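Right, one structure below, let's go through it.
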Amino acid sequence: MIRKMSKNVVVIGTQWGDEGKGKIVDWLAESVQGVVRFQGGHNAGHTLWINGKKTILRLIPSGIMHDGVTCFIGNGVVLSPEALLREIEELEAAGLDVRSRLQVSEICTLILPYHVAVDKAREARKGEGKIGTTGRGIGPAYEDKVARRALRVQDLFNPALFDEKLAEVLDYHNFVLTQYLGAEPVSANEVRDQAMALAPALAPMVRDVSSNLFALQQEGKNLLFEGAQGALLDVDHGTYPFVTSSNCVAGAASAGAGVGPQALQYVLGITKAYTTRVGSGPFPTELVDEIGARLATIGKEFGSVTGRPRRCGWLDGAALKRSVRLNGISGLCITKLDVLDGLETIQLGVGYRVNGEFRDVLPYGAHAVAQAQAVLEELPGWTESTVGITEYSKLPVNARRYLERVAEVCGVPIDLVSTGPDRNKTIVLRHPFKG
């Protein structure tokens, strides 16, 4: 039973990822004692700007930038030991204390070289039909987890068990690689040697994360649960099959960190003022004209990990409504509002025409979404700059009207507005921890 009152917040992307979660988690980390990653892998990067300096985090929670905040990688994350240790070294080179403040769940599924080999070979074989994976082994690792053949972090410290499980799983993957995908097999000895070489560096950080999070709650400590990607990429609720391999809705925080659902009191939905998507998949409000190119250029829309250009379009309020319902969102944070500065008019997606009928929420499945024609509502733009504004009343009138219409369409209030990449360029209408 929890002895003291703590407040725990889940931060979720409401679109197809790249909404600006990293900056907001970094800003909110000032109010917490722990930050938790609960799903995904090193396929998605969070970009932070601290005093004008760019930092990209792929696995380690954004709270690592704050002294006194403990960071946790929960069991729902698929973990590449090599990628994690490389990221730690990069942060240490920048002067950050990482290892004493990072805990890794002992039951995280491992990403190993054969997962990467399978991922890349599959995409190469699909050609034009590819989904757009980052090729980092995320999907194949989750497949092993669900098929109950995965190696986990705790197996690194039991070499005999590691060898036994590796032989079984590699027999399967090498058959797929050679007989179906036409690729080269992966050497068991090379996988084992690499894993065993990395294990000692990982060992001091391996913990029972679920129990430690429970202990922090008993002490009344505030926790922040940091989602990766976005709700429309969720393996169940996204535009399937053009999705990621994990559940990235707010409910996944409970299972992916090992905490009870009653521990999650507030869900903050991060929403870009327009919409972007990386890779393949339907995108009803996509702009393939000069306005789309303008959004991409001004918004610097390139993936932080892959460098891939992002497709851009108007904010899809009906897709946002789906995310609001899926996640039980308490309030929204609108990011990159300044990218819309200078547009004479702005369009907002309020629904779709599907087979001649109006629908006010995103349909399920890629085929249905591809058939949906966006219904757009035109709003007046603004000429004034919104960059760096920290008071809502000082926003241009039409910018405020745009935000109010977004809130009306999706049915939840806007609690935060980001007006620039630095953490202090934020308008606070209701603080998730203090409001």
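Glycine residues also receive a Cβ, built from the backbone N, Cα and C atoms like all the rest.
Here the structure is a predicted model, which means the values were calculated and not measured.
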### Summary
Among THR244, THR285, THR297, Swiss-Prot assigns to the IMP site of ASP18, GLU19, GLY20, LYS21, ASN43, ALA44, GLY45, HIS46, THR134, ARG148, GLN229, ARG308 just THR244
## Note on the structure
DSSP output for LEU337 (GTP binding site) maps to helix
#### Entry: Distance [Cα-Cα, Å, rounded] between ASP18 (Mg(2+) binding site) and GLN229 (IMP binding site)
7
### Message
Nearest of the binding-site residues to ASN43 (IMP binding site) by CA-CA distance, picking from GLY307, PRO309, ARG310, THR419?
### Response
GLY307
### Nearest of the binding-site residues (GLY45, LEU337, THR419) to GLY307 (substrate binding site), judged by Cα-Cα distance
GLY45
### Query
By a simple count of other Cβ atoms within 10 Å, which of GLY20, GLY307, the binding-site residues in the record, is least packed?
GLY307
